[in-house]
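Here's the structure we're looking at; comments come further down.
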Amino acid sequence: MFEITYVTENTDINSQAILESLNTKYFFYTRTRGLFRICYPKERPPTVEIYLSPVETHCSNVDYFIPDENNETKGLSDDAMNRLHMARSTVALFIVAFLSLFIAFWTGVVGCWKRSPGNITATAILMLVTCLLAAGAMALWHGVEFYEKEKVVGEEFYQQWPNVLKDNSSIWYDWSYILAWLSVGVAFGSSVIFFSAAICLSKEKRREQQNNVQYIMPDIT
């Protein structure tokens, strides 16, 4: 997620085309952009279909063209299609990562309840898979960001902005970006802890088995 500061009112605008874009193009407005929504905390573009989100912000949905019913992606360049495919893959990897995390939650609960080294080991593996999937999703997201900043993939992205917009804009990462990378680290740390717990439980089980061995003494009579 990042926020872009809108063109200020005191900017000297001489181009009629740019003046018209101020009223028709959403990328001339302050916004925060996530995986699924673009939200406008200040002024709202009049030509964009906007709804009120559950947290009382005015947002529009990010279009991944799934399904592409009107074949709108046919005219996109190769770079634009690469960006779109990476963006779709980012969402897909996050969904699979959440599924892996959900399964890990239940195997972890069962493992702790039964004190089962096998279930705890399975939880550790699932948490490692979750970490790798989420890290892969973040890597793809950065690939999308690179294409949006460095490649010509559409007028709404940096390379095709007019100079007046480039000169009067600021872009930065918001809290959700930091939280995403922290989550990757926490998933990896959880995996290490679960692997350690499985080793400890396995040692404990072996000690219990050794203490419960029945020794048969020979009958000397």
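Backbone N, Cα and C atoms are what each Cβ position is placed from, and that goes for glycine too.
Because TrEMBL annotations are produced automatically, they should be read as predictions rather than curated entries.
Summarising the annotation, TrEMBL assigns transmembrane segment to 91-113 (among others).
What TrEMBL records for 120-141 (among others) is transmembrane segment.
The transmembrane segment annotation in TrEMBL covers 178-201 (among others). For the transmembrane segment (178-201), same-chain residues at least 6 beyond its ends with a Cβ under 8 Å from one of its own Cβ atoms are 101, 108, 115-117, 120-121, 123-125, 127-128, 130-131, 134-135, 138.
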Which sequence positions outside the transmembrane segment (120-141), separated from its termini by at least 6 residues, show Cβ-Cβ distances below 8 Å to it?
86-87, 89-91, 93-94, 96-97, 100-101, 103-104, 107-108, 111-112, 180-181, 183-184, 187-188, 190-192, 194-195, 197-198, 201
